[in-house]
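Structure, as structure tokens:
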Amino acid sequence: MLTKKPEINTILQATPDPHSLPAAMATEDLHVYYGDNHAIKGVDLTFPENKVTALIGPSGCGKSTYLRALNRMNDEIDGCRMEGQILYDGININRKEVDLYNVRKEIGMVFQKPNPFTKSIYENVAFGLKRHGMKNKKEIMERVEKSLRRAALWDEVKDDLGKSALSLSGGQQQRLCIARAVAMQPKVLLLDEPASALDPISTSKIEDLINELKNKYTIIIVTHNMQQAARVSDYTSFFYLGEVVEFSGTSELFTNPQQKQTEDYISGNFG
């Protein structure tokens, strides 16, 4: 548990109000239920384009449930239902008639534990492309290379593309999962504790990668690590008991929180 606020090793400047920037996604009055359990309670959040937004809060506060709601992954859970709007490109995607396959192509996700397919490194990245109808081998190879480069993995695997993805280290597997997601050319990347199972060196590589990827993608990351949130994010939202307590620029939230619950959490007084 932290006993002091995360250090912000940059010159503090006022972060623009997220509502003043072009939005990649937003939720309006979003509720998520697991049976009778009201897990997310009327959350309104806006995610600016090409920025990193961190979702923080104690275990069980609802941040991962909220993240999974953004590309409708909660639909796969029996007894889960959602109310309210999930806006992507200004369209509410929380509707039955929405094509979830296309939603998850546009809004990619990387999970806490690396989950490569039991296929070759090449096939892990190419698989989704083929499923979406790409047939030209040259085009597929170009997209595979481009995606592996964006995930900072190409130089490490370019001579071993035929090897099993399971032969890679944990950090390499997670970057492969990121490459697999970006190969589909999403606009938004959802990262659920992407470095929590990795060693410090691999974690540093993932964080460097996040800073690179935001030039092309909007990134929303769940993390228990407040130091990590301070390092990689532009905006931070503090969740508690299924509600957003505070949402602001990361520097402002960690150095001048406006809510006592936020202050207590980042100071290590609860959570």
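Placement of Cβ uses the backbone N, Cα and C atoms for every residue, glycine included.
These figures come from a predicted structure and were not determined experimentally.
Under the heading domain 'ABC transporter', Swiss-Prot lists 25-266, citing sequence analysis as support.
Summarising the annotation, Swiss-Prot assigns ATP binding site to G57, P58, S59, G60, C61, G62, K63, S64. Neighbours of S59 (ATP binding site), defined as other CB atoms within 10 A of its CB across all chains, total 8. Secondary structure at S59 (ATP binding site), taken from DSSP and collapsed to helix, strand or coil, is coil.
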